[in-house]
Every structure is written in C-alpha cells, then in structure tokens.
Amino acid sequence: MQWLDAIIQGILLGGMYAQYALGMALMFGVMRIVNIAHGDVMILLSLIAVSLAGVLPVGNIGLIVVIVPIAVAIGWALQTFILNRVVGADPLPSLIATFGLSIALQNLMLEIWSADTRSLPNSGIASESFQIGSIYVGLLPVIVLVCAFVLTGGLDAVMRYTRFGRGLRAAAADTEAAAMTGVDPKRIYATATAIAVGILGLAAVFAALRATVSPSDGSAQLIYAFEAVIIGGMGSIWGAFLGSMVLGIAQAIGLRIDPGLGILFGHLVFLLVLATRPEGIMARKK
Amino acid sequence: METIKHMRVARATTSSRIAMTFGIMVLFALVAMPWWATSGNIRWAIELCCYIAIAQMWNLLAGYAGLVSVGQQAFIGVAGYLLFVLAQNFGVNPFVAVFLSVIAPAVLAVPTYLLLRRLDGPYFAIGTWVVAEAVRLATSNIDYVNAGAGMTLRVMTQYSQHEREVAFVLLCAVLLLATIGGSYWLLRSRHGLALTAMRDNPVAAASQGVNVGRLRFCIFVAAAVGTGLAGAIYYMAQLRITPGAGFDPFWASMSIFIVMVGGIGSIEGAIIGALIYFFADRLFGEFGSAYLIVLGLLTLVIALYARGGVWGLLQKLGDHPWFPVRRKLIVEDKA
C-alpha cells in the first residue's frame, strides 16, 4: 500500500513537472533552443503572482487570468529580442545568452523579493483532499494533473492539425525551405515561445499554490523539465508528459526509501534511460 | 619564371616572444611569492590560478571540442573530496594526495562522456549539470565523507604557514604549466590542427580524417583532470570542503563568464577573462546580487553582439598573439 501511495503521489507530482516540461518540449523540439532561464522565468512568474495576490483580490482563477497574458508577453519578448538573434545551427550562443539571462534573473529576483520562500495564501483548495481506499489524495495536485493532461492534449492537437502547427513543424524540419513556402520562421518561433512561457504562467500559479517558491529554485525546475523531456523522447509532446510521470514516480519512490534520496533517484532514472534507451520512451520508430 | 629560393616557416612573433618572457617572469614571481608577498596576497594568487586553470579547461571543451559543459563542478568536487579522504582518512601526504586526487575526475569523466555523448549541443550541457547534481546529492548522503556537513583538512596543521605557502605556490605553478602550457602544447601539436578544424566545423573536420568522437572523448577526460587538479588545490587551500561548495554550479557560471568575456576559442581570452573576473570580484563583490545581475547581463550581451569577447576586440586592433598557433610562410627574396 505504501508503494501504491508513492506511485500515486509520484504521478501527481509528475503533473506539476509536466507543466514545466511542455514548454521546454515545444522550444526544444521546434527551435533546438534550450532556454537555461526556463525555470527562472517560471519562478519570476510565481513571485509576480504572489505579489499580485497581495494587491488584487481576484482569487486564484483571476490570478491565472492575469498571469498567463503576462507570461505570453514575456515569452514573445524573450524570443523577439533575444532568442531570434541567437537561434541557428550553432547551439553555443543561445545557450550562453540564456545562461547569462538566468544568472541576471535569479539575482534580480533576489534584489526584489529577497531570498525568502513565498507562497500564495492558502485558499482552502490547497489543503482539501479526498480518500480512495486508504490513500489520501490532495484536490489541488489532481487539478494540476488534469490541467497538465488537457494542456498536453491541446498542444499535441495544435501541433498536428492547425496551420500554425504545420508551420511550426515545417520550420523545425528546415527553416529555409519553410521560409520559401511562406512561413515566417521568426514569427512562428515568437508564437511558440509565447505559448511555452504562457504554459509556464499557469504552472507558476499552481507551483505557488502547491508549495513555496524562492528566487534560487529555478535551476531545479529547469533540470526536472529537461529530464522529463529527455526521458520521454525529444520532440514528442506526449513524451514530455509521460517523462514527467516517470520522473515524478522515481522521485516519490526515492523519497519513501530515504528523504535525502528523492531528487537523486530522479537523476538516476534519467541517467538510466540515457544509458539504455537514449531516444526516450516515446520516440518515434526510425 | 622565378623560383622561390629561400623560405622558412615562422610561428613565433614579436608579441609572442614578449608574452613568453613575461609569462616566465610571472611564473618565477609566483614561485617566489612566499618571500616577498603577504599571506593575503598569496591566497589571492592561489584563487586566481585556480580560476585561470578551470576557465582554460572550459575553453578547451567549449571553444575547441564543441562540448559545452555546465557540470565541471562535478570534477572539482570529486577531486577535492578524494584529496580530503586520502589525506585525512588514509594519512597520505596531502601534497602527494593532491596529484593522486585527479584519478577521481578521470574515472568519473569516462562514464559521463559515454552516457552524454548521445546528447548533442544544449542537451549535452544540461546533461553534465544533471551528472554534477547527482554526484553532489550522492556525496551529501555518504556518511563516510561526513554527508552534508563536509570535511576539514586537519592534517595541514603539521606544516608551518611558510611551508604551506611554498608548497601552494609551487602547486599553482605546476597547475598553470599543466593547463595553459598543456593547452598550448596540444594546440601546436598535430591534434591542435585537428582541434582547430573541429572548432570551425566538426563535420568538415571529420571528412578530412579527424576522428572527432575520439578527440572529443580525450579532451573531455583531459579537461576533467585539469579542472579536478585546480579544484583539489583550491579546496586544499580552503582547508574545508562541503558538497554545497565543492559541487556549486557557480563554478560553471564562473567558467562561462570568464571565457565568454575574455574571448572563447583562444588561450589568451581565458587568461584575460580570469583577470577581469578576479578584479571585478574584488572591486564589486560587495554589491552581491547587483554585481551578479551585471555579470549575467554582460554574458548575455556578449553572446548577442560580441562573440569574440575582449580578446576578439583586441584582435581587431592588430594581430598580436601571445600564444601563436598559426604558422606563417616567410619568403626571403634575396635577389
């Protein structure tokens, strides 16, 4: 029963990770860009949400309605002013640029919000739970998981069926050929990053509701998102979702064995996948 | 029809001769430090030497082998820990142990590379970070090395301060010779040509017969050893190591900053960057996070607008290499 409980808690934790990982899978798969500041942007949005909650009495739903557009704007600006200048065959410039941005963002947040951990005021939802058999399941983590599931399905459908999705896949396959057929890669990229960061906006509100955030937490979130994407298989949206589940379960089981081992177990599963199935669990057959 | 009668291949330039003379003078001054400098200055010199060495190794990885790593702290930490374990728990002379401690990074680098080589570019970078984090967390859970509390190098008390200082400056001189000298030797050798070709275009280099995979593997292990030696010396001077410090991702940030600001893909760049970082740290370190915001933004701006860094800008003013790796054909017209 204890292990079943660990697996269920792991899946719920995976729901949170899936929200971090989706945006990364999109940017990774499409632009071959790794945004090192991914986690820091999420933390920034969380902290903005916490500060806004103190001023605007809009409730959690209202907060999401306010934060997501801010996130979309940040994503668009990030792509237009920074990433579009460094995207290209050589991965080094984008890596270094976002690395610098990450350090600057982390310390900027330290200046503004100090190193304290913060969270959104507990509004009841965060502590409600229900019981299945002898296992308690929190309501909020279930909502997070359902949102992650819906987002994954939605994003996958957008990639498959819309004009934007086709343009995105074309630009990912061959930027120049896509440009010749009338796709504007830079605009497509800006939209993709806006969507990716927009999802992070939602994740940010949930993260601040579920637990605490502090300015230096970003790197851990970046690593979890990255691990989920690689475990799942690069370029696969559902892969990122499944990878998040695997990572969440690994961490939850590690945590049951010894409280110091939770995150380490996640890393070990990642390395194990890399050693045995480097193309990821959901990779398309070649 | 004129035939060229006299020609020779030159590599040294006036600037390189000056730089070499200056470099040797600096090395001698460094070794003589215990007799002319204060203990505080010696500590600074040790720190600066470690920065230069770590940055130089990162430059070799990212600038030449195309392997961007943000996990070099893994090698710093394991080398530091092996030194502390050998000296403290096994009673090995610490000045012997410091050289033995490079075994740890070498042993760690092999499986790390074999696992991560499947990831390219940015994926590789974050992969190295995961490895470093995994090693840090594992170390924090091993009671033998005092888990999260870290270790102290008590055996150093058997040496007088002067003895320690003499040993440290000698170690630093060896470190600089191994990392800067080693890089220079490597770049001037046959492999250097292959490395430069790889830096410019790995696919084209492979088509010219360069075994890119094997060369990358060798560079990765060599850089791990160099970085590890610097880490061992650094924590030996600190007398204390904890998982949080030894495996601090800040080591990676520092390497990236130094090499990008100084100028990636050149030995001179890493040295200039290390000097800039070291003095900036002394002058502005007290501003804490505000200073780090500027460092981060500077790295961003350089990645966007001035990829060559300071050395790249200096090169535009005139070609005066300190460590020339190019050969020049000089035709002497006697007629």
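Placed from the backbone N, Cα and C atoms, the Cβ positions cover glycine too.
Per TrEMBL, the features are as follows:
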| type | residues | note |
| --- | --- | --- |
| TRANSMEM | A:6-29 | transmembrane segment |
| TRANSMEM | A:41-58 | transmembrane segment |
| TRANSMEM | A:64-83 | transmembrane segment |
| TRANSMEM | A:95-115 | transmembrane segment |
| TRANSMEM | A:135-159 | transmembrane segment |
| TRANSMEM | A:188-209 | transmembrane segment |
| TRANSMEM | A:221-247 | transmembrane segment |
| TRANSMEM | A:259-276 | transmembrane segment |
Q: Report yes or no: does the transmembrane segment (A:188-209) come within contact of the transmembrane segment (A:64-83), defined as 3 or more CB pairs under 8 Å with a sequence separation of 6 or more?
A: yes
**Q.** Same-chain residues at least 6 beyond the ends of the transmembrane segment (A:135-159) whose Cβ lies under 8 Å from its Cβ atoms
**A.** 1, 4-5, 8-9, 11-16, 18-19, 22, 26, 125-129, 165, 168-169, 195, 199, 202, 206, 209-210, 237-238, 240-241, 244
**Q.** Distal contacts, the transmembrane segment (A:6-29) - CB-CB under 8 A, six or more residues away
**A.** 35, 38-39, 42, 135, 137-138, 141-142, 144-149, 151-152, 155, 172, 192-193, 195-200, 202-203, 206-207, 210, 221, 224-226, 228-229, 232, 234-237, 239-241, 243-253, 255-256
